[in-house]
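Per Swiss-Prot, the feature region 'Disordered' maps to 1-29. Summarising the annotation, Swiss-Prot assigns 3-phosphoshikimate binding site to Lys28, Ser29, Arg33, Ser175, Gln177, Asp330, Lys357. Per Swiss-Prot, phosphoenolpyruvate binding site is recorded for Lys28, Gly101, Arg129, Gln177, Arg361, Arg405. For Asp330, the entry in Swiss-Prot reads active site, proton acceptor, with the evidence type sequence analysis.
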Amino acid sequence: MSHDSVPSPITARAGTPLRGRLRPPGDKSISHRAMILGLLSLGETRVEGLLEGDDVLRTAAAARALGAGIDRDGPGRWRVRGVGIGGLSDPEGVLDFGNAGTGSRLMMGVVGGQPVTATFDGDASLRKRPMRRILDPLVQMGAQILSEQAGGRVPLTLRGPEEAIPITYATPVASAQVKSAVLLAGLNAPGTTTVIEAAATRDHTERMLRLFGAEVTVAAHGPAGHGRAIALTGQPTLRAAEVIVPADPSSAAFPIVAALIVPGSDVVIEGVMMNPLRTGLITTLIEMGADIARLNERDEGGETVADLRVRASRLAGVTVPPERAPAMIDEYPVLAVAAAFAEGTTRMQGLHELRVKESDRLAAVADGLRANGVAHAVEGDDLIVHGDGRPAPGGGTVATHLDHRIAMAFLVMGLAAGEPVTVDDGAMIATSYPAFLADLRGLGAAFAE
């Protein structure tokens, strides 16, 4: 999405039950990492099922600018010819990541650990997002910040060292992006780089580093073993790999909740990744009474995947503990929508990280609920939604603030609300789920553009 795109409003309205099957797009986290590790490996990495949304395509463009050879062989099928650790080239222009927070932050880890200089930029939303949490450990590892905006925001220029300094770093927030940036920088460090996190976050970087040949160990850490200590042996020779990208559970969240709240619905969502550090939403919905059956569990590309049969259900309010947040941080907007249709109160605790996503997601969700007549409150970093078991009133227009997940969440609300729901701009949905409207229309959803 360009910095000055014309808004594209979309309206969703209630209609017939949702029926049928769909496969959500490839996982965004794994797709980003496949491009980045393909760049840093020797040989030709082949990727099947890549998410071809704008975010991942920006990461692919950045990898190409840093020296990778990248070809698309067909839908979701890509080849990446890497340059190896230490083989990157200075890009000729700015690395424009659009809306891609994950891609920009992980690539800062790559640049910040290697002898290369690059300027990072993005759209209006990305320019508001904090990068200091990424830059601080990279500076400890030898990176130099040549220019930056207030608060360490993009556009910024980063220069990496000849060799990174191996460090032990305790992440100040539960963030897979911070952890991953440090580990990626540590690939060019002579020694062991260790990241300590107080709560386990999604572990795709660790899994994929091993797939490409790095030595990574993970040990329980801290009180009751809830945290993790991840140690990477630096300066390995990464070898090209075959990557099969499973369906993204964060994208699957939208048809899952739609099927639960639209009366009479019965939908099968195929090939969804069941990594336990990504299934917090499914766990929570089942606690609320959701009829979700896991079928045909199997292994794809080192991850457990399953087909999910989801049937319309009466939901009840629950309390979602803060320690579950890392396993569902991107799913709270659509969980809030489910809570609006539930009987009773749902309290989502410890949502401070939502304030620094593509938008201030906590405020954006609250505003969207208010616009559609849903009783709710924000208490500190907690979101409380009061439902009465009936459809949300709807009838409002939601400001998306260039946030794809806000847009999709409230379009899902509109499919079951008493009155249609409009989002002021749906263009950014393409960053993570380009076929969202088409997929849900295939199940019977009614959208007007």
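Quick reminder: no glycine exception, Cβ is built from N, Cα and C everywhere.
Structure coloured by features recorded in Swiss-Prot.
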residue : record                           : Cβ neighbours (10 Å)
Lys28   : 3-phosphoshikimate binding site  : 25
Ser29   : 3-phosphoshikimate binding site  : 28
Arg33   : 3-phosphoshikimate binding site  : 26
Gly101  : phosphoenolpyruvate binding site : 21
Arg129  : phosphoenolpyruvate binding site : 19
Ser175  : 3-phosphoshikimate binding site  : 20
Gln177  : 3-phosphoshikimate binding site  : 25
Asp330  : 3-phosphoshikimate binding site  : 25
Arg361  : phosphoenolpyruvate binding site : 25
Arg405  : phosphoenolpyruvate binding site : 29
Rounded to a whole number, how many Å is the Cα of Lys28 (3-phosphoshikimate binding site) away from the Cα of Arg361 (phosphoenolpyruvate binding site)?
19
Rounded to an integer, what is the Cα-Cα distance in Å between Arg129 (phosphoenolpyruvate binding site) and Gln177 (3-phosphoshikimate binding site)?
13
For Ser175 (3-phosphoshikimate binding site), which of the three DSSP-derived states applies: helix, strand, or coil?
coil
Counting distance between Cα atoms, which of the binding-site residues Gly101, Arg361, Arg405 is nearest Ser29 (3-phosphoshikimate binding site)?
Gly101
Write out how many residues of the region 'Disordered' (1-29) are helix, how many strand and how many coil, based on DSSP.
2 helix, 9 strand, 18 coil
Of Gly101, Arg361, Arg405, which is closest to Arg33 (3-phosphoshikimate binding site) if I measure between C-alpha atoms? They're all binding-site residues.
Gly101
To the nearest Å, how far is the Cα of Asp330 (3-phosphoshikimate binding site) from the Cα of Arg361 (phosphoenolpyruvate binding site)?
9
